[in-house]
Each structure stands twice: as C-alpha cells, then as structure tokens.
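Undergrad: Let me give you the structure first, and then I'll get to my questions.
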Amino acid sequence: MLPWTVIGLALSLRLARSGAERGLPASALQGDLLFLLDSSASVSHYEFNRVREFLGRLAALLPVGPGALRASLVHVGSRPHTEFPFGQHSSGSAVQDAIRAAAQRMGDTNTGLALAYAKKQLFAKAAGARPGVPKVLVWVTDGGSSDPVGPPMQELKDLGVTVFIVSTGRGNLLELSAAASAPAEKHLHFVDVDDLHIITQALRGSILDAMWPQQLHASEVTSSGFRLAWPSLLTADSGYYVLELAPSTDPGAARRQQLPGNATGWAWTGLDSDTDYDVALVPESNVRLLRSQHLRVRTLPEETGPELIVVSHTRPRSLRVSWAPALGPDAALGYHVQVGPLRGGAAQSVEVPAGENSTTLQGLAPGTAYLVTVTAAFRSGRERALSAKACTPEGERSRAPRPQPQRTGGREP
C-alpha cells in the first residue's frame with residue numbers, strides 16, 4: 001500500500017507545482033468540490049475524527065470563494081445527508097470549521113446510494129452547483145460498502161466528474177482503481193488514518209489541477225477535420241509537444257504528431273465524418289512539468305447535395321438551372337455551374353454564391369444538347385457534383401410571305 005501513496009504523492013506534488021508555473025492565480029480557478037465522507041457505523045469514532053480533521057485542513061488550503069471554488073460535504077450512511085451545500089461558506093477556513101463541526105451519522109455504509117445522491121447535488125442549482133464549471137468528488141472511505149459502487153461512480157465519471165479516492169482501510173485495490181478517475185496512481189491513495197497528513201498537499205495540488213481551466217480547444221470543425229489551438233506553454237528552446245488523436249471507439253488507431261515548443265495550433269484532416277475523436281496535447285519539457293490536456297471532438301455528418309437538378313425556361317440561347325441545395329451542418333461555400341455541348345465544344349461556367357440555388361445560363365446555341373453540372377464546394381475542402389442533360393429548342397423559322405389578295409372586276413394592263 002505504501003508504494004501507491006508515495007507514487008501518488010510524488011506525481012501530485014509535481015502537478016501542484018506546475019499549476020503555479022502556468023502564471024494564473026489560484027483565484028482564477030472555478031469548480032464545485034464535493035467531499036463524500038464515510039460517516040457510517042463501520043468507521044470508528046477515532047477514525048472519523050481523524051478523517052474529519054484531514055478534510056478540514058485540506059479545505060483550508062483551497063481557494064474557496066463565491067467566484068472561485070465552492071465546496072459541499074455529504075455523509076455516507078443508511079441515507080445520504082448533506083452537511084452543507086455549495087456556496088454556503090465563502091472561505092477555506094469557514095469550510096474547515098463546518099467540517100470540524102460535522103457529527104458522525106452512523107448507520108449502514110450505502111455508498112452507492114450516496115453517489116447517486118452526489119450526482120444530483122453536483123449538477124443541481126438548488127444545491128448551489130454551477131453549470132459549466134469543473135466538478136470534483138473526493139471520497140474518503142475505509143474501503144467497504146453495503147451496496148454496489150461501480151455503476152453510480154461510472155455515471156459520475158461519464159458526466160465529466162473527476163473522482164479522487166482516499167482509502168484508510170483494506171479496500172479492494174482493483175475495485176477502487178476502477179472507481180477512481182484514471183490514472184489510478186494520481187487519483188487513488190491508500191494511507192493509514194494516522195498518516196493522512198502526508199497526502200494533504202499532494203491531494204490539494206491534484207484538485208487544483210483538475211479544476212484548471214481547459215486551454216485546449218477545437219474550431220473550424222467539418223465532416224473531415226478540425227483545427228486545434230492552445231495558449232503558448234513552451235518555447236522553441238524549452239521543449240516540444242506531442243499531439244495524439246484517436247477515434248474514441250478505437251484507441252489503437254491513434255495518430256501522433258510532434259510539434260515544436262513555439263507551436264500554438266494544428267489542423268487534423270482526412271478524418272471520418274460523424275465520429276468522436278479523443279485528442280491529447282502532451283507538453284514535453286526538461287525545464288518544468290506541464291500536465292497533458294484532453295479534449296473530445298465530434299466531426300460533422302458527411303455533406304449531401306446538390307440534388308435534383310431541374311431545367312426550366314428553355315430558350316434557343318438560354319435556359320434556367322435550379323437544384324436542391326446542399327444540406328448538413330457543414331454548409332456549402334458556393335456552387336460552380338458548368339455547361340458544355342454533349343457532342344464537344346467549349347464549355348462555360350458560372351459561380352453561384354451560397355444561399356442561392358438557381359442561375360440562368362446565357363449564350364447557348366439553338367437546337368443543342370448540353371450537359372449541365374452543378375458542383376457544391378464545402379469548408380472541408382470536399383466537393384460534390386451532380387449532372388443533368390438539357391436541350392435548347394431550335395430557333396424561330398422565317399415566316400412565309402403573306403399572300404396578297406386577288407383583285408376582281410378589273411382589266412389586266
């Protein structure tokens with residue numbers, strides 16, 4: 001058990017230092033932190049008091065405030081119980097005092113029930129939770145539970161909640177590793193109840209790291225790619241980046257790109273449409289440690305159209321072409337309409353802006369069969385074309401002279 005504590009401590013301390021190196025004050029952090037405290041009868045009064053003291057000291061070190069980090073405490077027992085909701089206390093010391101005043105609830109260890117309750121609290125406005133901010137759960141346990149923990153914990157993680165677990169008992173390593181967020185060496189601590197102070201700074205650093213604003217973001221998303229951007233974290237001399245991309249359903253098909261330290265963006269192309277991709281930006285530097293950043297991006301559905309070309313208003317030297325516009329979220333940038341004689345000859349083309357789906361073609365020859373092609377150009381760089389045949393009518397025939405009426409009753413000269 002000791003190696004887990006030492007490894008988690010070393011890594012978390014490095015990550016805690018990296019947070020300060022980013023240049024943003026701790027007050028820039030925003031997030032909702034929920035402490036899940038085993039308050040059941042399986043925990044002795046001595047152990048409960050030691051854990052309560054540990055959580056109080058941890059809270060005192062955090063940047064708690066109305067516009068920063070908010071904390072809440074939920075007891076695990078026969079039924080979950082909220083000691084205080086998010087936003088009730090506006091400083092770390094106030095949260096510490098509230099934790100120290102919490103009384104043990106006793107009862108069964110229904111952790112699964114408490115986790116389902118915690119999910120509602122983390123996303124409920126009535127509980128003081130805020131939308132759009134990072135969510136972190138810190139669960140301190142002696143390792144046992146009277147009901148299943150896996151399914152409700154997975155639901156929390158699927159919603160983006162970062163889960164830290166501190167086990168003070170004989171918990172199952174495999175089960176707790178699966179319950180904590182990955183990687184387990186950062187999010188799971190096995191430590192004796194009298195040695196909890198050893199991981200206080202490490203856990204604080206990991207919590208702040210989990211609540212740091214996401215800096216990697218995607219833009220210009222199309223059906224076949226997207227562009228990534230991030231702030232300058234390194235220089236050309238201080239390190240480099242490794243950018244990783246993989247379909248979320250097939251991590252083995254990962255693509256990697258190494259970029260110089262002064263890079264702040266990259267465009268992925270040639271991707272599958274309507275697909276989730278997991279992206280990781282890994283800064284590599286011997287000067288300072290920076291955590292990797294992760295993002296999931298979904299490409300747009302494949303473009304469709306143009307469709308159903310309609311030829312109308314045919315004249316000997318002109319005709320009108322209409323078409324069903326291209327559909328899909330990746331709208332067409334415009335259309336290229338080309339017309340040329342089927343039996344050979346010079347073709348002409350017309351550019352039609354996006355938002356229009358018809359044009360009149362002029363300067364054609366009477367009585368001629370033409371091939372009309374409408375091509376839609378998309379932001380992704382792809383093009384889709386559709387063709388149809390059209391014929392111009394013959395030109396008007398010359399009229400025959402109108403017959404003159406014959407004279408009657410006269411002489412020929």
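For all residues, glycine too, the Cβ spot is worked out from N, Cα and C.
What Swiss-Prot records for this protein is below:
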{"type": "SIGNAL", "residues": "1-20", "note": "signal peptide"}
{"type": "DOMAIN", "residues": "32-211", "note": "domain 'VWFA'"}
{"type": "MOD_RES", "residues": "Ser72", "note": "phosphoserine"}
{"type": "MOD_RES", "residues": "Ser78", "note": "phosphoserine"}
{"type": "MOD_RES", "residues": "Ser91", "note": "phosphoserine"}
{"type": "DOMAIN", "residues": "212-302", "note": "domain 'Fibronectin type-III 1'"}
{"type": "CARBOHYD", "residues": "Asn262", "note": "N-linked glycosylation site"}
{"type": "DOMAIN", "residues": "305-395", "note": "domain 'Fibronectin type-III 2'"}
{"type": "REGION", "residues": "385-413", "note": "region 'Disordered'"}
Undergrad: Sequence gap of 6 or more, Cβ distance under 8 Å: name the residues on the same chain that satisfy this around Ser72 (phosphoserine), in order along the sequence.
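TA: Within the chain, Ser72 (phosphoserine) has Cβ neighbours under 8 Å at Asp32, Leu33, Leu34, Phe35, Thr82, Glu83, Phe84, Pro85, Phe86, Gln88, Gln121, Ala127, Gly128.
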Undergrad: Could you give the Cα-Cα distance between Ser91 (phosphoserine) and Ser78 (phosphoserine), in whole Å?
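TA: Roughly 30 Å, rounded to the nearest whole number.
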Undergrad: Taking the Cβ of Ser91 (phosphoserine) as the centre, count every other Cβ atom within 10 Å, in any protein chain shown.
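TA: Taking all protein chains shown, Ser91 (phosphoserine) has 15 Cβ neighbours within 10 Å.
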Undergrad: Just to confirm my parser: what is the rounded mean pLDDT across the domain 'Fibronectin type-III 1' (212-302)?
TA: 87
Undergrad: Please report the three-state DSSP label of Ser72 (phosphoserine).
TA: strand
Undergrad: How far is it from Ser78 (phosphoserine) to Asn262 (N-linked glycosylation site), counting Cα to Cα, in Å?
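TA: If we compare the Cα positions of Ser78 (phosphoserine) and Asn262 (N-linked glycosylation site), the gap is 55 Å.
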Undergrad: If you count other C-beta atoms within 10 angstroms, which of the recorded positions Ser78, Asn262 is the most crowded?
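TA: That would be Ser78, with the most Cβ atoms nearby.
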